[in-house]
Amino acid sequence: KRCYRTPDLKSQTCPPGEDLCYTKKWCADWCTSRGKVIELGCVATCPTVKPYEEITCCSTDNCNPHPKMPKP
């Protein structure tokens, strides 16, 4: 499995057993000026969403590009 990972936004091979890619977004102190913090990576199971987070999981290679990345 290959997923985009932060902080370098490069597609990387996931560790064994981590077969899902995820995108997690949340607001930090600077949310109004810079927008939401975005974290990308690999997980074994989709994380539980906390009230202030948005989490999307997907199961195909590189299915979690950063929202501002150009589409291939």
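Placement of Cβ uses the backbone N, Cα and C atoms for every residue, glycine included.
The annotation disulfide bond is assigned in Swiss-Prot to C3-C21 (among others) on the grounds of similarity to another entry. Secondary structure at C21 (disulfide bond), as computed by DSSP, is strand.
Under the heading disulfide bond, Swiss-Prot lists C14-C42 (among others), citing similarity to another entry as support. Listed in sequence order, K1, C3, R5, Q12, C14, P15, E18, D19, L20, C21, Y22 are the same-chain residues six or more apart from C42 (disulfide bond) with CB atoms under 8 A from its CB.
For the recorded site, C27 (disulfide bond), the DSSP three-state label reads coil. Among the features that Swiss-Prot reports, disulfide bond is placed at C27-C31 (among others).
A 10 Å cutoff on Cβ-Cβ distances gives C57 (disulfide bond) a total of 15 other Cβ atoms nearby, all chains included. Summarising the annotation, Swiss-Prot assigns disulfide bond to C46-C57 (among others) and lists similarity to another entry as the type of evidence.
Taking a C-beta cut-off of under 8 angstroms and a sequence separation of 6 or more, C63 (disulfide bond) has the following same-chain neighbours: C3, C21. The secondary structure of C63 (disulfide bond), as reduced to three states from DSSP, is coil rather than helix or strand. Here Swiss-Prot flags C58-C63 (among others) as disulfide bond.
Under a cutoff of 8 A between CB atoms, and with a sequence separation of 6+ in the same chain, the neighbours of C27 (disulfide bond) are K36, V37, Y52. For C14 (disulfide bond), the count of additional Cβ atoms within 10 Å of its Cβ stands at 18 [all protein chains shown]. Counting in whole angstrom, C46 (disulfide bond) lies 9 from C58 (disulfide bond) by their C-alpha atoms. Look at C46 (disulfide bond): DSSP puts it in coil.
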